[in-house]
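Trainee: My questions will all concern the structure given below.
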Amino acid sequence: MIPVMEIFGPTIQGEGIVIGRKTMFVRTAGCDFRCSWCDSKFTWDGTMKDEIRMMTAEEIYGELRAAGGQSFNHVTLSGGNPALIKDLGQLIDLLHLEGCQVALETQGSKYQDWMNRIDQLTISPKPPSSTMNQDLDKLDDIISQLDTDKINLKVVVFEETDYQFAKKIHHCYPQLPFYIQVGNPYLDDSVDNHTEKLLHRYEALIDRVMADDEMNNVYVTPQLHTLLWSNQKGV
Ligand SMILES: C[S@@+](CC[C@H](N)C(=O)[O-])C[C@H]1O[C@@H](n2cnc3c(N)ncnc32)[C@H](O)[C@@H]1O
Ligand SMILES: Nc1nc2[nH]cc(C(=O)O)c2c(=O)[nH]1
Ligand code: SF4
Ligand SMILES: [Mg+2]
């Protein structure tokens, strides 16, 4: 069984290596981290615990089709930390059988043997501003068990210490595609539009990377969905 917090889409993947891709989302409940700026706290802080549903892979697939019809062939699994859930392998296999590609977002704290069956696996180690103390040996152990052609790294940056952390991670794994993503501090879920402020922060991060001759092989990205829809749920 899989603890599901929400199923939504089709929408665009707003982040990372498949940014812009038409995709459905399955968001699992529960996380082993507590990032200070987590934009999906409702997956772990108890405020929406009544909405968690224990579902089989078949039930999730049925709901994806009910929401998206035939209008998708890509599904993103996020959370919370979907890597906590052993049974997710059944959903990944079913989605593949049904002709869908599968992406997954995780922070690199847990390994599952289904990870090598993900088409685009994004690992997003947490920088100092998150207040998490990412175990870099564990991260290394996980990365060493994965196919390098399937994984990419994404580090969120709010401040200079985060930027230095991002650099360190990139230089540990120069062979992996590296995404540096601007942090969003505007986490209220009102429909207030924070686009202009977010674009300023994005531009500042671009300037930082452009001036740095040790960060040439990187992608600097915003959260596209956040520019469009702020931190609304379900988009
Ligand atoms: C909500 S997390 C869920 C998956 C997994 N727990 C993780 O952190 O990778 C999905 C992505 O959103 C990023 N994220 C979370 N809060 C953010 C924020 N306030 N600004 C920018 N990115 C954020 C995370 O770093 C991660 O890359
Ligand atoms: N559109 C959209 N793109 C996303 N990329 C990563 C997301 C996430 O919360 O993991 C996310 C999300 O919540 N919505
Ligand atoms: S690891 Fe991901 S889901 Fe968990 S608290 Fe951090 S950003 Fe949120
Ligand atoms: Mg999100």
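Just so it is clear, glycine is given a Cβ too, placed from its N, Cα and C backbone atoms.
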Trainee: According to TrEMBL, W37, C38, D39, S124, P125, K126 bind S-adenosyl-L-methionine; which one of G80, G89 is annotated to that same site?
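Mentor: Only hit among G80, G89 in TrEMBL's S-adenosyl-L-methionine site, alongside W37, C38, D39, S124, P125, K126: G80.
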Trainee: Can you figure out which of R27, C31, G80, P125, K126 (the binding-site residues) comes closest in space to S40 (Mg(2+) binding site), comparing Cα atoms?
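Mentor: Minimum Cα distance from S40 (Mg(2+) binding site) across R27, C31, G80, P125, K126 lands on G80.
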Trainee: Cα-Cα separation of Q13 (substrate binding site) and D39 (S-adenosyl-L-methionine binding site), in Å?
Mentor: 15
Trainee: Write down the Cα-Cα distance for G80 (S-adenosyl-L-methionine binding site) and C31 ([4Fe-4S] cluster binding site), rounded and given in Å.
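Mentor: Rounded to a whole number, the Cα-Cα distance is 5 Å.
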Trainee: For W37 (S-adenosyl-L-methionine binding site) and S78 (substrate binding site), determine the Cα separation and express it in whole Å.
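Mentor: Between the Cα atoms of W37 (S-adenosyl-L-methionine binding site) and S78 (substrate binding site), the distance comes to 16 Å.
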Trainee: Suppose we draw a 10 Å sphere around the Cβ of C31 ([4Fe-4S] cluster binding site). How many other Cβ atoms does it contain, all chains included?
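Mentor: Other Cβ atoms within 10 Å of C31 ([4Fe-4S] cluster binding site): 22.
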